[in-house]
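As written in TrEMBL, here are the features:
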- 16-227: domain 'ABC transmembrane type-1' (DOMAIN)
- 20-43: transmembrane segment (TRANSMEM)
- 64-84: transmembrane segment (TRANSMEM)
- 104-125: transmembrane segment (TRANSMEM)
- 163-188: transmembrane segment (TRANSMEM)
- 208-234: transmembrane segment (TRANSMEM)
Amino acid sequence: MQSFPTPVSQIISQSLPWTIGLVGLATIIAFVVGTVIGIILGWRRGTKWDALIPITTFFSSVPYFWIGLMAIAIFATVLQWFPQGGSYSVDSLPGLNWAFMSSVFYYGFLPALTIVLSSMAGWILGMRNMMVTVSSEDYVTVAHAKGLRESVVMFRYASRNAILPQISGFALSLGFVVSGTLVMEQVFNYQGIGYRLLQATNNHDYPLMQGIFLVITLSVLIANVVADIIYAFLDPRTRKEG
């Protein structure tokens, strides 16, 4: 039984931009900010920066939907700074106009904040551990002996190799952007692709489920190809000759 009297491609094309725009952007922000903080924490271990480790460990162990519920309770219910759910204001006309775009950003702030806080902690801890390992390598010691500036050694020598495992994890996270937000979209009533997938599951809409699963599979494959390209750029040893 089909719950939508429209083609599957049309439903997916209407819902997918919402998920990619929200979760994709939030994932990229979390990766960039988390990686930079992880580089600093790993390079300056044993200093006051280590005070951030317990905080990141806490957020990495808390389910993101719980953070979302707490964000709704504090910022939407108590303080009433943001709406409790939805994708945009029903009073705004969808289109490329300021009223609609500002409404989209306003309604998407809390879901994006939830994703950034819950996923950034993992990037911080992972990058910090890799920086601690790489900073004791011989080529880092040689770079110091050459008299290079500390920032140059940290970002151009140590972090360039330490970030390689992060790239693989980032590719997987981008691939699962489409499917990894089902619970979050339910918490915030955000009508993205995860919201449609749950609707299709509850209504036994198998054609729509198959279409969404196909999009998820393609997104994972594309993300892994992009990761391989970035990996080869950062580490020339992985390039194959001939």
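Count begins at 1; order follows the chain as displayed.
The backbone N, Cα and C atoms fix where each Cβ goes, glycine too.
Of the candidate ranges 20-43, 64-84, 208-234, 20-43 has the most C-beta pairs within less than 8 angstroms of the transmembrane segment (104-125).
Residues 49-50, 52-53, 104, 108, 111-112, 115-116, 119-132, 135, 154-155, 158-159, 162-163, 166, 170, 173-174, 177-178, 180-181, 184, 190, 192 of the same chain lie 6+ residues outside the transmembrane segment (20-43) yet bring a C-beta within less than 8 angstroms of a C-beta in it. Same-chain residues lying 6 or more positions outside the transmembrane segment (64-84) and placing a CB less than 8 Å from one of its CB atoms are 106-107, 109-111, 113-115, 117-119, 183-184, 187-189.
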